[in-house]
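Asks: Before we start, here is the structure in question, set down as C-alpha cells.
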Amino acid sequence: MQEMNVKQFAGELKMQPEHLLEQLKSAGVNKTSINDALSHVDKERLLDFLRQGRNEGGRVTLKRKETSEVRANDASGRSRTIQVEVRKKRVLERPAEAARPAAAPAVAQEAPAAEMREPEARPQAPAAEPALKPADRVGAPAVRTERKPEPKPEPAKAEPARAAKPEPKPEPVKAEPAKAVAEPAPAAEATQPAAAPARPVSILSAEEIASREAEERRQAELRARQEALIRERQEREARRMAAKLAAQQKAQEAANPKPAAEKPAESRPARPAEGRSGARPAPAARPAAGGARPAPAAGAPAGAARPAGSGADDRRGAGKKTGGGNTDRDGGKKRGGLKTRGGDASSGWKSGSRKGKRQHQDNQHAFQAPAEPIVHEVMVPETITVADLAHKMAVKAAEVIKALMKMGMMVTINQVLDQETALIVVEELGHIGKAAKTDDPEAYLDVEDGNVVEAKLEHRAPVVTVMGHVDHGKTSLLDRIRKAKVAAGEAGGITQHIGAYHVDTPRGMITFLDTPGHEAFTAMRARGAKATDIVVLVVAADDGVMPQTIEAIHHAKAAGVPIVVAVNKIDKQGANPERIRQELVAQEVVPEDWGGDTQFVEVSAKQGLNIDGLLEAILLQAEVLELTAPVDAPAKGIIVEARLDKGRGSVATLLVQSGTLRKGDVLLAGTAFGRVRAMLDEDGKQIEEAGPSIPVEILGLSDVPGAGEDAMVLADEKKAREIANFRAGKYRDVRLAKQQAAKLENMFAQMAEGEVRSLPLIIKADVQGSYEALAGSLQKLSTDEVRVQILHSGVGGITESDVNLAAASNAVIIGFNTRADATARKVAEANGVDIRYYNVIYDAIDEVKSALSGMLAPEKKEEITGTAEVRQLFVVSKVGTIAGCMVIDGMIKRTSRIRVIRNHVVVHDGELDSLKRFKDDVKEVKQGYDCGIMLKGFNDLLEGDQLEAYEIVEVARSL
C-alpha cells in the first residue's frame, strides 16, 4: 500500500491536519509536521487509540449525510433542480458488559457494513419471508419495530430517514392473505439472536425504542386527523357538485322538456364523487403492537384486494403494484411533494423522481358532468380588441382569431375591431351580440337637456334653402332678393360654397341658405336640407328638370321639408313652364292648380319679375308650419360651413336654431370647442348676440369643426373639453378600425391584381365643404388600373409641411381657392414639387382626369398593312421553303407579322424570316410587285395561300 503523509490522510478523513497531528501524538505516534509520512502501523495505532477512547460507554453512534439533486416540473411546467439532503443516525450498543472487549472489533467491522447496506436497502423490495435471519440483521432487532397500519403520509410530514430503512415488504394479497399481512412480534425476533451466542449483536436502548414508539404514535394520530379532514372536505365538495348538477338539470328540463326515458339517472352524476369520498373512510381500531393485520375476506375479487376503505396499510408498501394500481400503492417509497391545484402530491414540482412509473392524478377536482354550452350576451362597443372580445365571450383569443381567419381577416390579439365585425364574430361563435351604449361623457348633454327649464316659445323666421341644378339661376335669384351682386364675383359663374343670409321683408325676416348646384356638392345640399324649414327649388324654364334637380327633390323629401318651386328665366325665348310642371309631376311634385300641395311661382331673376310673389309664397308656407323656438335659453345650432383663416384661425358659419348665442359663450361642435371670441354677420359686421334662425360666423374654436355638426352652448368649459377629447378619440379608433378592415378585405384582391398605378394628391381648400366635394369627385375617377390616392386634405393655405409631405410621397398639391406661402413656395422649388391652383372645380377634375389617362397602359390594336398571294414554291435544301408571291393589296413590310390563310381559315401566325425582290433583301414591297417570302418556323405552304401582313400599334386610352 502506498504511504501517505499526514496532510493527505487528513484530507481523506475530511479533517484539519493540525487536529490529526494532536490525535497522533495522543496515540503515541511521534509526528511533528503535516508532511511526515504515515505507515500502516501508525494508522493501526491511531485506530486502536480511538477505539479504546470512544467505546468505554459501550455505544457507537454513526451519522451520515447524503446530498442529491432531483429534477422535477413545477406547476407552470418548467423544469427545476431541487437539492435533497438525507441525514441518518445509527446507534449501536453492546448487550453485555462481559462481551465488551470481544465486541469492539466486531462493532468496527459492522459499522461500515451497515452503512454499505443502507443505500442498497432503498431500491430493493425483497419479497422473501417476513422474518429475516439474525446473521443478516446486525442491530436490526432493536431498530426494527412492528409496522403499524398507517395512512398515506402527508407531504409536509414525510420523514426521509425512516423511509430509507430496509423494510421487509409482504407479497400481494392473493392466496394467503393472513400470512402476507402478518408480521412477527419483537419478542419472537428477540429470541432468535440467542441461538447464536458466539456472535455479538448490537441493539438500541430501551429509552430510544420508547421514544421512537411514542413518536410513531404521535405521527399516526396526526395523520389520522389529516385523513379525517381530507375526507370531510371531499364529501363536502361532492355534495356541492351534486347539488349544482341537480340545479342545472332542473333548469335544463324546464327549458327543454324531454321524455322520461331520456332523463339521466339521478345517482349517475354522483358516482365519481362517491368514489372519491369513500376512498378514505375512518379506519377501524388499530391492532395492538405485534398483532397481525386483519385480512380481507377470502372470497373477495382481485380488484377488491384493496378496497376504498381498506385503511392506510394498503398504501404502505407492497412488493408489486396490482394491475392498474394507483401511485399510493408504490411501496410507500414515493416522496411527498407540494400539493398544488388540488392534484396529487406526486404531480407537484417538489415531488420525487417518477422513475418511469405511471402518474395518476387525484380526481378530487376532476368532476365532469354533461352540460350544454353556455350562451353569453355580449355587449359590443364601437371598437374592441380581439383579446377583450374573447374575454367577454369567455373563450380563448385563439378561437376568435380562428373565426376571423375563416372570414378572411388576419388579425392579432391586440387588433382593434369595429362594432360591425365584432358582432358578426360573436354570432359566429354562438353567442348573442348587442351594440353597447357607451358610458361616455356625452350622457352629460342629455342630463343637461333634462334640467333645462321650459323656456317661452316665440315665433321665429323660416330657414329657406335654395336648391337646383347648376346654372339655373339660384344665386342670381338670391342677389335680386338681397339686392346684392354675389353671383358676379363667383369664380366660373357657379356657386362652390354654401352661403347663409337673412333678409328683412315688410312681412318678416327670412333666412336663406344658398347651396351649390354642381354634382360634386351633394354633401353640401344634404346639409342644407337638414338645417332648413322650406326648400325653394329653382328650375330654369328653358332647360327643364336636370339630374341635380331630381337629387334636390330627394334631399327635401328625405328631410321631410315642404317645397316651393321657382320657375326661373321665364323672360327667355323658349321658356316653357308647362313642360316644367309635367316633368316635376313625374317626380311626384304636383302643383296646387293641378290638385297638389306644391306652390309654383314663375320668376325672372334677371328682370326682377314676380320676386315679391316668391317671398309671399315662402312666408305663407312658413305660417302654415307655425315655426317657434325658445329665445331665452342656451343656443343650439348647426355648423353650415367651416374654414381655417390664416389671421383669425378657425372660422365657422353657425345657423342658430334655438336659444340665443352670445359673445363669450362656451360652444361645443363635434370635436371642436372654445369660447366665442367674436361673432360676425353675413356682411362682416361684429354683433354681440344672435337669436333663432340667424346665421353668424364665429371665431375662437380650438379646431375646424366638421360641416353639418351640431353645436350647443355648455356652461362648463372643462366638461366641453372632456366631451370633445372623448369624441376625437372615439372617432380616431373607429376610423383606424375601418381602415384596418378595408386593408384586410382588399389584401388578397391586391395580391391577385398586382400593383395598381396611383396618383397621390394633397388637397387644400378654402372651406371644408369644398375639399370634401373635390376629394369625392376625384376619387370617383379611380379605375381598376389607376386610382387617385388622396394623402391629405384640409382647410387653409398650403404650408411647408404640406410640401414636405408631397416631396416624400411624390404627390401633386392642389390648391382650391388657396395659395402657398413664401416658405412653402421655396421648399417646393427646391424639391421639385408640383403645385396646381384652381378656383373652378371643373378645371381641377378635368386636369386630374387627363393625368390619370396618361397613366393608363396603351391599348394594342392590329392594323392590316397588305395581302400577298402565293404563286409558286421553291424548296431550297438547308434553307427551307420560299414562296414566290404577288402583292395584291397594300404593302408587305420586313417588320410585319404574317398570317397564312388557306380556304379562309388561319393555319399559321408568325414572323417574317426574309423578304426579297429578285436576289436583294428589301424593306417593303408594294402592291403589284412580286417578291420572295420565307416564314420563320413554317414550311407547309401551298400554292394559292393568302399571306396577310399586319402590325400591332399602341393607341392611347382615356378615362
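Cβ atoms here come from the backbone N, Cα and C positions, even for glycine.
Annotation comment: Swiss-Prot describes 468-475, 514-518, 568-571 as GTP binding site, evidence class sequence analysis. The compositional bias 'Basic and acidic residues' annotation in Swiss-Prot covers 55-72, 144-177, 260-274. Annotation source Swiss-Prot lists compositional bias 'Low complexity' at 98-114, 122-131, 178-201, 243-259, 275-311. For 459-628, the entry in Swiss-Prot reads domain 'tr-type G'. Annotation source Swiss-Prot lists region 'Disordered' at 55-201, 233-370. The region 'G1' feature in Swiss-Prot is assigned to 468-475; the stated evidence is similarity to another entry. Positions annotated as region 'G2' by Swiss-Prot: 493-497. If you look up Swiss-Prot, you'll see 514-517 marked as region 'G3', on the strength of similarity to another entry. Annotated region 'G4' per Swiss-Prot: 568-571, in sequence order, evidence recorded as similarity to another entry.
So that I understand the layout, could you describe where these features sit and how close they are to other parts?
Replies: Taking the Cβ of ASP471 (GTP binding site) as centre and 10 Å as the limit, one finds 15 other Cβ atoms among all the protein chains shown.
Averaged over the region 'G3' (514-517), the predicted model reaches a pLDDT of 62.
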Asks: Enumerate same-chain residues with a sequence separation of six or more from ILE570 (GTP binding site) and a Cβ-Cβ distance below 8 A; give 'none' if the list is empty.
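Replies: In sequence order, the residues whose Cβ lies under 8 Å from that of ILE570 (GTP binding site) (at least 6 apart) are ALA541, PRO577, GLU602, VAL603, SER604, LEU609.
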Asks: Work out, from DSSP, the number of helix, strand and coil residues along the region 'G4' (568-571).
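Replies: The composition, in the requested order, is 0 helix, 1 strand, 3 coil.
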Asks: Please work out the number of neighbouring Cβ atoms within 10 Å of the Cβ of LYS474 (GTP binding site), leaving out its own Cβ.
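Replies: The answer is 29.
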Asks: When you scan the chain for residues with a C-beta under 8 Å from the region 'G4' (568-571), skipping those not six or more beyond its ends, what do you find?
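Replies: Same-chain residues near the region 'G4' (568-571) but 6 or more away: 472-473, 476-477, 538-543, 577, 602-607, 609.
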Asks: Per DSSP, to which secondary structure element type does LYS474 (GTP binding site) belong, with helix, strand and coil as the options?
Replies: helix
Asks: How many neighbouring Cβ atoms, not counting its own, are there within 10 Å of the Cβ of GLY468 (GTP binding site)?
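Replies: I get 27 for this one.
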